2 protein chains.
Amino acid sequence: MSVTVPQGFRASGTTAGLKDSGKPDVAVVVNDGPDRHAAAVFTTNRVAAAPVLWSRQVLTDGRVDAVVLNSGGANAATGHPGFQDTHATAEHAAQQLGVSAGDVVVCSTGLIGLPLPMERLLPGVSDAVGKLSADGGADAAEAIMTTDTVPKTSEHQGPGYTIGAMAKGAGMLAPGMATMLCVITTDAVVAPQQLDAALREAVRTTLNRADSDGCMSTNDTVVLMSSGASGAAPEPAEFQEGLRAVCEDLARQLIADAEGAAHEITIRVVNASTEEAAEAVARAVSRSNLFKTAVFGQDPNWGRVISAVGTVPEDVAPFDAYAIDVTFNGIQVCRAAGVGEDRNLVDLSGREVTVEIDLHAGDAEATIWTNDLTHDYVHENSAYSS
Amino acid sequence: MSVTVPQGFRASGTTAGLKDSGKPDVAVVVNDGPDRHAAAVFTTNRVAAAPVLWSRQVLTDGRVDAVVLNSGGANAATGHPGFQDTHATAEHAAQQLGVSAGDVVVCSTGLIGLPLPMERLLPGVSDAVGKLSADGGADAAEAIMTTDTVPKTSEHQGPGYTIGAMAKGAGMLAPGMATMLCVITTDAVVAPQQLDAALREAVRTTLNRADSDGCMSTNDTVVLMSSGASGAAPEPAEFQEGLRAVCEDLARQLIADAEGAAHEITIRVVNASTEEAAEAVARAVSRSNLFKTAVFGQDPNWGRVISAVGTVPEDVAPFDAYAIDVTFNGIQVCRAAGVGEDRNLVDLSGREVTVEIDLHAGDAEATIWTNDLTHDYVHENSAYSS
């Protein structure tokens with residue numbers, strides 16, 4: 001699995017000593033071609049980190065030769081010196097790889113507001129370049145973890161080509177254009193423009209619909225690279241669906257490993273006037289702490305659902321607020337904004353919870369994946385400084 | 001203190017048996033005049049409860065003779081039968097008081113989605129009417145409590161007149177035009193139009209700036225009544241400031257008693273382009289669970305502050321994201337979106353925390369009052385069904 005499943009890619013992970021834990025913290029992914037096409041989406045947070053500012057520039061020509069990633073420090077809120085550190089990281093990797101620094105994407109994750117220890121990071125990058133291999137995907141996926149408890153990888157086998165991917169993210173997890181750090185590779189033959197369009201469409205309904213804690217990161221980056229090494233040029237719709245499947249798989253893995261979560265919650269809004277309206281309603285519910293604590297308490301509290309639905313402005317989502325139905329795990333506990341089936345029929349003891357909200361206002365729908373709000377979330381985030 | 005401090009008002013509280021706890025649950029406040037002017041603001045939640053739908057109608061002519069309030073049930077999401085119950089409550093109180101039902105405001109608070117036990121509520125209203133007295137303000141303030149641990153009352157002594165007030169609210173506390181239940185009385189001589197304008201202006205920068213948990217209620221109601229019994233017609237600016245002070249006092253009492261809170265947090269945004277921009281930035285920070293858990297952990301985590309600030313769209317709040325300063329309890333830990341003074345100088349061991357965010361984009365400011373996110377919040381809201 002991971003980013004070295006497709007042909008034409010090497011990867012590695014190593015321990016540079018950026019983390020107190022002594023766990024792996026630097027990863028490199030290299031595209032050996034023949035194509036070096038790429039597309040990326042980044043956080044929409046206005047306090048974007050130095051590596052995001054750098055990598056946006058790298059992507060302007062649609063070519064990426066390598067991605068250098070580090071955990072153990074976000075290099076966010078570090079000012080001009082932080083940007084110089086990112087630049088130096090790209091230059092150092094480029095020199096080791098014999099490529100141009102302008103084709104090297106840099107991703108960082110970890111604490112905000114601390115400078116990276118460059119005297120450890122640069123030797124770590126050299127070490128990672130030395131360890132690059134066509135089997136290195138798993139090591140790379142491990143080296144980008146922060147509070148993640150498991151590495152996240154995915155793959156898709158298309159006709160004659162493959163997509164591979166890795167991602168990290170467990171907190172500050174409410175992507176606005178992308179999620180956390182994610183590298184996707186493919187050996188398909190795909191033009192840069194098609195890569196870009198396919199990535200944006202795939203992310204829009206998958207990684208961007210994962211909203212664990214409502215907090216958007218300063219470092220979110222998703223990079224997609226194609227090597228063309230398979231020689232297969234996929235049918236666009238097939239490639240789009242494969243990419244979407246990989247992104248959805250990663251999004252659900254992120255939610256399943258979110259900090260302190262005891263339930264994975266799927267909020268599906270149906271019969272909305274537009275997809276945007278459905279998304280806005282689902283997101284309002286996903287951000288209600290009262291709803292999220294109720295799910296933690298295994299309480300199918302539809303009153304907290306409809307009170308959150310009712311906060312969405314009418315111009316964003318036109319619907320009759322007194323017509324809403326709410327279903328928890330198949331039991332329609334709320335009918336026409338009033339009491340429906342017996343709430344005692346709902347079983348929320350498992351980890352998977354599906355809440356369906358019927359707006360009776362059209363035929364559009366959208367899904368948001370989120371988590372419950374638990375004691376472990378409070379514990380982890382009041383003790384862990386990020 | 002409370003609503004019977006001004007002349008011309010009687011109030012009472014009694015136990016009708018709506019709550020399992022056996023605590024008081026019905027209150028009545030009566031305006032004996034000579035004036036019966038009134039103004040009110042209500043929740044902007046589209047799933048407004050039956051008593052809100054009813055009371056909006058009552059207020060259309062600017063006259064209110066009495067307010068009937070119950071805890072132990074919100075009468076929200078109860079459909080047409082719920083509206084009939086509110087109507088019956090108003091009719092019953094009106095009959096007992098010898099007034100018109102169309103001049104009786106009804107307020108309810110408690111669980112969403114359950115019908116009120118009318119066979120207990122109506123005798124309770126009769127009992128409360130029988131107990132009405134010019135000393136009954138404290139009893140009324142106690143009877144409207146739900147998860148509140150203390151009653152909230154306030155007063156203002158103006159030249160020749162008085163303002164008195166009571167409020168309740170501890171959870172689902174993020175008012176959108178009003179907060180929870182709040183009754184304000186005055187014996188000043190004030191015309192209905194002036195009452196309305198003064199109330200909207202006072203609430204805008206006080207009760208509407210209290211945002212404990214980001215969750216807007218279905219029942220928020222603030223009613224202001226004037227009896228004119230003092231014979232004093234206050235200078236408008238003085239009355240406005242007195243009313244604002246009472247509303248701010250209540251807002252801060254609500255935040256101080258919010259469910260599970262360990263810190264009262266004042267978020268002050270300064271040097272914004274507009275007051276709206278300042279408010280949007282302060283509210284974004286107040287709704288960041290990562291910021292709120294950090295304060296619970298006594299961690300002056302400015303990285304989580306600026307990452308929340310960075311989520312506010314540029315068209316809402318124009319500012320240079322890389323120029324932001326953040327001060328915790330007087331220590332400027334973040335300067336120009338980077339490291340400032342030593343974070344170890346910040347003491348967050350007390351309950352009061354002030355976070356000041358300087359946007360360097362103008363001279364407008366706004367303040368939001370919020371709480372931290374604690375184990376007790378999760379416990380209370382995963383166990384208590386509302």
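Any Cβ shown, glycine's included, is placed from N, Cα and C.
Among the features that TrEMBL reports, active site, nucleophile is placed at A:T179.
Residues or ranges marked as substrate binding site by TrEMBL: A:T146, A:K168, A:T179, A:E259, A:N381, A:S386. Neighbours of A:K168 (substrate binding site), defined as other CB atoms within 10 A of its CB across all chains, total 27.
According to DSSP, the secondary structure content of the region 'Disordered' (A:1-23) in residues is 3 helix, 6 strand, 14 coil. If you look up TrEMBL, you'll see A:1-23 marked as region 'Disordered'.
Neighbour count (other Cβ atoms within 10 Å of the Cβ, all protein chains): 29 for A:N381 (substrate binding site). Most buried of the binding-site residues A:T146, A:E259, judged by other Cβ atoms within 10 Å, is A:E259. A:E259 (substrate binding site) falls within neither a helix nor a strand when secondary structure is assigned with DSSP, and so counts as coil.
Contact annotation for chain B: of the listed binding-site residues (A:T146, A:K168, A:E259, A:N381), A:N381 place their CB atoms under 8 A from a CB atom of that chain.
In the three-state DSSP assignment, the secondary structure recorded for A:N381 (substrate binding site) is helix.
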